[in-house]
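To start, the structure under review is shown below, and the notes come after it.
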């Protein structure tokens, strides 16, 4: 699957009328499928899509299309199914762009089976899997009305409820009703067919005057045919939310059971369905809750079995960000090589480089473009078991950050030029695609670097989120993660200046830290550390830091030394900077917390015992890279926290009805904020009142979010300019990129919105 920038669909013949009776155009169809993508994709993702196309409109002949054409875009997911007549490659529609392609093809109808493809462990090859749901097609015989269909539907529902299954109704957009039932455990298509047939036969026995389970058309007059056969692995059903190629643009529309009690029940048109989605969301939300909507890590996951390999295999969809880390891993596989990975759009774009990157400009080295890897892989070291994909030992050879000059990794004319800043390797490199997945890696001449050490332009080095449990003390040092505000401090022979992580001069905001000037009066130093306020147990408290007064005791805990008496230390190894820092602390009253004992697991347990926020692991040979988020520093927290940008607010209810009830959260992305959900828990009345006052001058009519919000979240909101940063605690990220069970921790005036990234 290609990157978002590679997935484009151009609408042609937009004004072409496809439904003459209503004047509905191809552009209308395009807009419809874009509008239903969020709710429809879960019900078709992972399944082979058969299309029924009306390129010249519904008043002209249509045709079914199964085989994916050679002209189909390369980013479209696909898989092959063996039939009696041969093999067929089907598209798998698992993205909004895929649905846009459906509309561009004038494929008004999308038909899918009740099973999904499953990946073979190791190879990642997709093969037909078991059924994940049942479907019953209630087909009315001559003279049967919708009220009779509804009566049979309720009988099916009650029969399935007796065996613990829930049922969801869908008006088919044609004449009948479809009933869907999610299966707690997938079963073979044959097993699903047998079960569905038994249900239909039992219903026929209970309601012989109204129901038939027999396919013979001559026996259907005045009855409802409960078609159980569409559960067969070789059959398909019109997908929920699909348009129908009839005179009017009706839709296979999910309904409520209450609606089936309405004598005036009828089929719905596409514009009615869009209105309902905006109001009600997806009525089939529980049908395909585990739908495997594809993302840039789909191929990576298919090639690995989480029960057999220690490699990180995240289930959540990667979130686009602007991180710029790189890692080179020494991979002792069957064919030893190096893996070069660049963080890009929420994943690690990866190449296997047999001879590593060249160390001079006179040679080129082969690089093989491989599957995107998760960001967590940047800190992975370990042994992949024999028999698994990529079996062998993986060791981090180098890591750091990079600057981008050019980044085009499209399937045809790829070219990437980056400037690496690592511990063992640095400089400008070009990777140029030559044929397919084969690239050439070339070292370029460096442009003159005129950077000098200036405190006013200095930004703190940042850590990547990861797990420290497998890290060894021989290579890593472990510090406590303190729940305070990050500060850079310059003390110059009796004068002191403080700068926040965002670059603001905050010297006046910390009168309690003026003593640093006297403590370090004999030196000119630049320190990196944390301003903390301790609770009664001696543990840094973010809440007390937030609500501190001028008389509150604030301490500065130093953890890095960047400059000492005329010598810049940015290029010095961490373990050497640490020794200098400890020497400085021994000669002054500077507070330098001790390193945590043992390997990563022991350090993590120690920090938990003391009630600290977590652990920061730092490679002992790492250099300090200002303003960069690097894999050579890893943070691992005992609870999940996330910085967010406030993009709007919703009025409260009850006691909060006159003010802010909850805040809309976002993570900055290329097109605006990426919606991350709402937070209201943990906000005190005082904080709510202060927030309302702070947000008032930021009100705007324009949404700061990159896509329209779901209907349930967009109701009754006031948008604001994305200027305020906050921090929340949460239980997990959902597959849709939302924070689950979020609770408020406080504003982060020390952070800029542009600095916020998904942890």
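Heads up, the Cβ atoms here are built off N, Cα and C, so glycines get one too.
Summarising the annotation, Swiss-Prot assigns region 'Not required for ligase activity' to 1-411.
According to Swiss-Prot, the DNA-binding region annotation covers 13-16 (among others). Within the DNA-binding region (13-16), the DSSP-based counts of helix, strand and coil residues read 0 helix, 0 strand, 4 coil.
Model confidence over the DNA-binding region (63-67) stands at 94, taken as the mean pLDDT rounded to a whole number. The DNA-binding region annotation in Swiss-Prot covers 63-67 (among others).
Sequence-distant neighbours of the DNA-binding region (83-88) (same chain, 6+ residues past either end, Cβ-Cβ under 8 Å): 66-67, 234. The DNA-binding region feature in Swiss-Prot is assigned to 83-88 (among others).
Neighbours of residue 139 (Mn(2+) 2 binding site), defined as other CB atoms within 10 A of its CB across all chains, total 22. DSSP gives residue 139 (Mn(2+) 2 binding site) a strand state. Here Swiss-Prot flags 137, 139, 227 as Mn(2+) 2 binding site, drawing on similarity to another entry.
Sequence annotations record features per position, and here Swiss-Prot assigns Mn(2+) 1 binding site to 137, 139 based on similarity to another entry. Of all Cβ atoms in the protein chains displayed, 21 besides its own lie within 10 Å of the Cβ of residue 137 (Mn(2+) 2 binding site).
According to Swiss-Prot, the DNA-binding region annotation covers 215-220 (among others), on the basis of similarity to another entry.
Residues of the same chain lying 6 or more positions beyond the ends of the DNA-binding region (227-235) and with a Cβ under 8 Å from any Cβ of it are 83, 113-115, 128, 131, 134-139, 188-190, 192-193, 195-197, 199-200, 213, 215. Residues or ranges marked as DNA-binding region in Swiss-Prot: 227-235 (among others).
If you look up Swiss-Prot, you'll see 460-757 marked as region 'Ligase domain (Lig)'.
All protein chains included, residue 481 (active site, N6-AMP-lysine intermediate) registers 21 other Cβ atoms within 10 Å of its own Cβ. Taken from Swiss-Prot, the feature active site, N6-AMP-lysine intermediate covers 481, and the record attributes it to similarity to another entry.
Taking the Cβ of residue 613 (Mn(2+) 4 binding site) as centre and 10 Å as the limit, one finds 20 other Cβ atoms among all the protein chains shown. Swiss-Prot lists 483, 613 with the feature Mn(2+) 4 binding site, giving similarity to another entry as the kind of evidence.
Annotation source Swiss-Prot lists compositional bias 'Basic and acidic residues' at 747-759.
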Secondary structure content, the DNA-binding region (63-67) (per DSSP, counts of residues): 0 helix, 3 strand, 2 coil
Helix-strand-coil residue split for the DNA-binding region (83-88), DSSP-based: 0 helix, 4 strand, 2 coil
Separation of alpha carbons, residue 481 (active site, N6-AMP-lysine intermediate) and residue 613 (Mn(2+) 4 binding site) (Å): 5
Nearest of the binding-site residues (137, 139, 227) to residue 483 (Mn(2+) 4 binding site), judged by Cα-Cα distance: 137
Residues near residue 227 (Mn(2+) 2 binding site) in space but at least six apart in sequence (CB under 8 A): 136, 137, 138, 139, 200, 215
Number of other Cβ atoms within 10 Å of the Cβ of residue 483 (Mn(2+) 4 binding site) across all protein chains: 24
